[in-house]
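Accompanying notes for the structure given below.
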Amino acid sequence: MNALLAVPLLVPLCGAAVTLLLRRTPRSQRITGTTTLSVVVVAAALLLWHTRDGTIATAQAGAWEAPLGITLVADPTSALLLLVSSVVLLIVLLYAIGQDIGGLSRATPQVFHPVYLVLTAGVNLSFLAGDLFNLFVGFEVMLTASYALITQAPTRARVRASMIYTTVSLTSSILFLTGIALVYALTGTVNLADVSDKLDAAPPALRMVLALLFLVVFGIKAAVVPMHFWLPDSYPVALTRISAIFAALLTKVAVYAVIRTQTLLFARDDTSAVLAVIAVVTMIVGILGALVQSDINRIMSFALVSHIGFMLFGLALGTVAGLAGAVVYLVHHIVVQATLFLVNGLIRQYVGHTSLTDIRGLTAVSPALAVFFFLPALSLAGLPPLSGFVAKVALFQAGVDAGGLLAWAGLAAGVLTSLLTLIAIFRVWTRAFWGTPRPDVLEAREQLRSGANRGGLRIMTATTGAMVAVGVAVALAAGPLTEVGFTAAEGLLDGRAYVTAVLGEGAR
Amino acid sequence: MSTDRPEGRPLVAGPGTPDESSGPPESWEAPRERWLSTVVRPAFGPRSVLLEVVTRLLVPAILLFSVFLLVSGHNRPGGGFAGGLVASMAYVLRYVAGGRHELLAGLPMRPNGLLAIGTLLGCVTAGLPLLVGRPVFDSVKWEFTLPLFGEVKLLSALFFETGVYLIVVGLVLSVVAALGARMEAEEEEARIEERERASLLRRRRAAARAAASAPPPAAGEEPS
C-alpha cells in the first residue's frame, strides 16, 4: 500500500527532473512525460481497485506515527478523483504533444513538460494529503506550476490575466495558511484525522469561524460566486492545453478540499444553509454570465463556474445520496470541461480564434469537430443518456429525498441552470456550427490538412476523440460509478472510520 | 549601472584587459589586481576593491559553512534548505561583486541542471525504501569510525537533504539569472547600441564637415 500511495507523488517529480535534464531532446521529453503519466494512471487504478469497498489506505512517511509524521491517505473519493484526473492529464499531454509535433503551438516544450509534471504531482498530493499542511503544500505546488504555465507564450493579454490569477491565488493561499495556523493554535495538530478528533472539544463559535474561513479559502480557488471573477478572466486567454487542464482540475481539486474539510473537520457545524445559498447563487450567476458572452472559451468558463454550484449543492444536502451525487458530478465535470476546452483548441486551430461573432459553418469545416463538441456540450446540459444526466439525476434524487426549503430551492436552481446551459450551448451551436463557412477558413483548412503539420492535427483530433470517448465511458459505467460514489459518500460521512484508519484502533 | 563613466572609454579596466585609453583609472578605488575569476564588470555601480577582496576571501568560507549546515542539520539547526540558502548567498555575492560573467564562471552547471539533479536525488532517496518494503521517506542510519573524524553518524536522509540543498541553490540562481543577469544583459545591449549610435552620429558630422570643405566650427558645436 505504501508504494501505491507514494507513486503518484514521486514518479511525476522524477519525471519532471528527467524532462528538465532532457530539455534539448523534445522526443525523449515526450516519451518521459507520457510514460510518467501512464504509470500514475496505473497506480491510481490499482488504488481505486483497492479502496472500492470503502477501505481506507494510509501510508506514514518515514515510519513516523500518524499525528507526528506526514500521512498519505486514499479513500474511495480521493482514489476515484486521482484516477480521473490522471487520465485527463495523460490525454491532454498527448494532445499537447500532437500540437508540438505539428508545430501548431507557440508553447515552449522545454518549460511545458517539467512544469506540467510538477503540476501533476501537486494535484495528486492534494488528493492524497492526510494533513492540512500537506494539503497546503499540494495546493502550492499545483498553483506555482500553474503560474508558470499560464504565461506560456506570453502576450499582453496573458500577462495581464496571469497577474490577476496570481494575485487572487496568493490571497487565498495566505488565508489558507492563516487558517492552518488557527487550527494548530486550537488543537495542536494539523493531521486531518487528529484535528477532526480534537475539534470536538473546541468552542462551537470558533469551529464555525474556522469552517467558514476554509470555505472562503477553497471557495476562491473553486471560483464560487462571489469569488469567481478571476476565472472567466484568466482561463480563456491561456493556451488550450493549459486552460483545458486548469478548467478540468484546479477548481475541482478545490471542490474536493471543500468536501473533505467540511465533512471531516466541520461535520458537527451546520454550514449547509450557507453552502446551499452559495450553491444556488453560483449556479444562477455563472450561467447568466455564460449567456451574454460572445466567445466560446468565455462561455465555457462561465459554465464552469455555474456548474461548481451543483457539487456544492450535493455537499449542502449533507446526505449520503447528496455526497454521492457530488462525487459523480466531480468525475463527470472533470472529463466534460477538459473535452470542451480541447474542442475549443481545435476550433482555434481551424479558425484562428473562438469569437462567436466571426465563426460559422464549423460542421462543414470538420464534421468530427461538430460531433466532438455536441456530445460533451449536451452532457454538460444534462441530457440523457450522457454522463451529465447520470450525475444530475443522482443529485436531484438526493435533493428530493432530503426535502426542505433549501433543497427545493437548489433543485429549482439546478433545473433552471440546466435549461439555461442548453440555451447557451445552442447559441454556440447555431452561430458557430451552422451555416456556410467563410471561404478563407476552408482554404486554411486545406492548407492545415495537406501541410507538414497534418500529423500533428491528426493526433490532436484523435486525442480529443479519446476524451469524448472517456466522457461516453463515464456514462456507460454509470452503474459501477454510482456504486463507488455511494461508497465514497459513506466514507466521507463516516469520520470515525477515517480517524481510526489513520490513527489506529487506539484513537478515542 | 553608473552613468558617471566618461563616454567612449571601455567599461572594463584591469590587468586582464589593459586599459586602452591612456587616462587614469576610472576611479580611485578601481583595483588593478585581479581578485575574481573573470574580467570584472559589477552588477551595480563602479568596481570596488573592497567588495572584490572581501568576496574573494569570503566565498570559500561561506560555501564551507553551507556544507557544515547541510551535514549537521539532522539534529541541530541547519539542514539542506538553510545550507542551500547560505551557499546561494555565496554565488549572489560573486554576482554583486563581479557581474553576470562572474556568476556564470562560478557555476558548476546551469541552474536548471541543479534543480533537476536535486529533485531526482530527493525523489530517489524518498522512494528507495519502498523497494525493500519500508515506508516512503524511511531513513537508515550508519555509524562508523573514520580516522581523524572519529565517530561518524551518517543518515540516508542526508541524501534527501543534499537534494533539497541543490534545489534551493538552483532556484536562487535561476531567480538571479532571470531577474538580475538577464536584465543586465539587456541593459548592456542597449548601452552598446547607444554607443554605436553616438559614434555613427559623430562620424556623420565629421563627414558633413569634411564635405563642407571644413569651415571653422562654431563654438559649442564640437562634441566635448
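Backbone N, Cα and C define each Cβ position, glycine as well.
Please treat TrEMBL annotations as automatic predictions, because they have not gone through curation.
The feature coiled coil is assigned by TrEMBL to B:176-203.
According to TrEMBL, the compositional bias 'Low complexity' annotation covers B:208-224.
The domain 'Na+/H+ antiporter MnhB subunit-related protein' feature in TrEMBL is assigned to B:51-173.
Among the features that TrEMBL reports, region 'Disordered' is placed at B:1-30 (among others).
Taken from TrEMBL, the feature region 'Disordered' applies to B:203-224 (among others).
According to TrEMBL, the transmembrane segment annotation covers B:49-71 (among others). Taking Cβ pairs closer than 8 Å, the transmembrane segment (B:49-71) reaches residues 29-31, 35-36, 40, 42, 77-80, 82-84, 86-87, 89-90, 93-94, 96-98, 106, 158, 161-162, 165 in its own chain, all 6 or more past its ends.
The list of residues near the transmembrane segment (B:77-93) in space but at least 6 beyond its ends in sequence, with Cβ under 8 angstroms from a Cβ of it, reads 55, 58-59, 62-63, 65-70, 103, 106-107, 160-169, 171-173, 176. Per TrEMBL, the feature transmembrane segment maps to B:77-93 (among others).
Marked as transmembrane segment by TrEMBL: B:114-137 (among others).
The transmembrane segment feature in TrEMBL is assigned to B:157-181 (among others). Within its own chain, the transmembrane segment (B:157-181) is flanked in space by residues 43, 66, 70-71, 73-74, 79-81, 83-85, 87-88, 91-92, 95, 100, 103-104, 107, 111-123, 125-126, 137, 139, which lie at least six positions past its ends and keep a Cβ under 8 Å from the stretch.
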Legend entry - Remote residues contacting the transmembrane segment (B:114-137) - C-beta distance under 8 A, at least 6 residues beyond either end: 108, 156-157, 159-160, 162-171, 173-174
